[in-house]
Amino acid sequence: MEAVSSNSTIFTSPDTYLGIYNELSKYNVHLNIFERLWASWYQYMQNDVLATGILSFVMHETVYFGRSLPWIIIDRIPYFKKYKIQGQKIPTVAEQWACTKLVLLSHFTVELPQIWLFHPMAKMCGMETGVPFPAWTTMAFHIAIFFVVEDTWHYWVHRAMHWGPLYKNIHKIHHQYSAPFGLAAEYASPIEVLVLGLGTVAAPIGWVLITGNLHILTMYLWIILRLFQAIDAHSGYEFPWSLHHFLPFWAGAEHHDVHHERFIGNYSSSFRWWDYVMDTESGPEAAKKRRERKQAKLQQAQRKVQ
Ligand SMILES: [Zn+2]
Ligand SMILES: [Zn+2]
C-alpha cells in the first residue's frame, strides 16, 4: 500500500507530466483529452521549440516504421503473394535492412535539423499551436487542399527528376528497387528528400501565409496521412479493397508500382489526374490507348487527304 501511495505522489506532483495534466484538467474542463495532453506537453517541456521538435521527430519515426511494419510482415505471409503486383519480387531481409539503414541516416542528417527548425518557422508564419483544436471539418478541408497542392508539386518535380542529368545524379537512388516495398518510400538521395519534401511542407506554409488560418495539429495530421500515402504507394500490393477502387482518381500502389517497374510515366504522388491530363500514364494499358489514339488520328488525316 505504502509503495502505491508514494508512487502516486511522484506521478501527480506538478513537476511531472501527469501532475501537470491533472492540474490542467481541473481548470480546463472544456478541453477534450487530446487537447489536455497537448497543452500539458508544452507546459511540461517549458520550451516550445524542443516540445515541437521532439514531438514531430518521434511522430515521424513512429509513423514511418510503424506503417512499414505491416508490409514487412505481409511480405513473409504466403497468402498475400497473390496480391503482390510484381509477384516474384519479394524483398529479402537483407534488402530491407540495407534500405532501413539509408532511410535512418537521412532521417537523422537531413530531416532532423529541418524538424528542429519547424516550430520557429511555424510561429513566424502565424501557425496556431495552442488549444482548443480547430473543428475536424476545418482540418479535413485544409488537408484536402494540401493533398492537391503537393500532388501537383510532386508531379512536375518528379517528372523533372527523370531528365537525364537529374536522374543520374539524384533520382536514380530511389529507383534502385524496381519492385518497391513500404520501407523504400523515403529511400532517396538527401537532395531528393529535400526537394520533393518541400511540397509537403510548402503547401501548409503557403496556405497559412495567405489565409492566416492553420493549426500545427492539422499540419501533423497532414504529414501522417502523407506518410501513409507514400508508404502504401510503395507497398507493392494491390488488393480488391484498395482505395482507388472506391476513389478512381486516387493513385495508390497500382499506380506507383508501374513507375518503378518501367521508369517512365505515372509521376504523380496521390492522384491520377495530372498523368491523365498530361498523357504520361504508364503501363501496357495506357500504351495501348496511346497507340489507338495515334492510329485514329492518322486515319483521320489520311481521310482528309483523300
Ligand atoms: Zn521516379
Ligand atoms: Zn517511388
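Every residue gets a Cβ built from N, Cα and C, even glycine.
Just so you know, TrEMBL annotations are computer predictions that nobody has curated.
According to TrEMBL, the protein carries these features:
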TRANSMEM  131-149  transmembrane segment
DOMAIN    144-280  domain 'Fatty acid hydroxylase'
TRANSMEM  205-225  transmembrane segment
REGION    285-306  region 'Disordered'
COMPBIAS  297-306  compositional bias 'Low complexity'
Message: For a three-state summary based on DSSP, what are the helix, strand and coil counts in the domain 'Fatty acid hydroxylase' (144-280)?
response: 94 helix, 4 strand, 39 coil
Message: Return the average pLDDT for the domain 'Fatty acid hydroxylase' (144-280) as a whole number.
response: 94
Statement: If one takes Cβ-Cβ under 8 Å and requires six or more residues beyond its ends, the residues near the transmembrane segment (205-225) are 38, 52, 55-56, 59-60, 63, 121-122, 125-129, 133-134, 138-139, 142-143, 145-147, 149
- line: Taking DSSP H, G, I as helix and E, B as strand, the region 'Disordered' (285-306) contains 21 helix, 0 strand, 1 coil
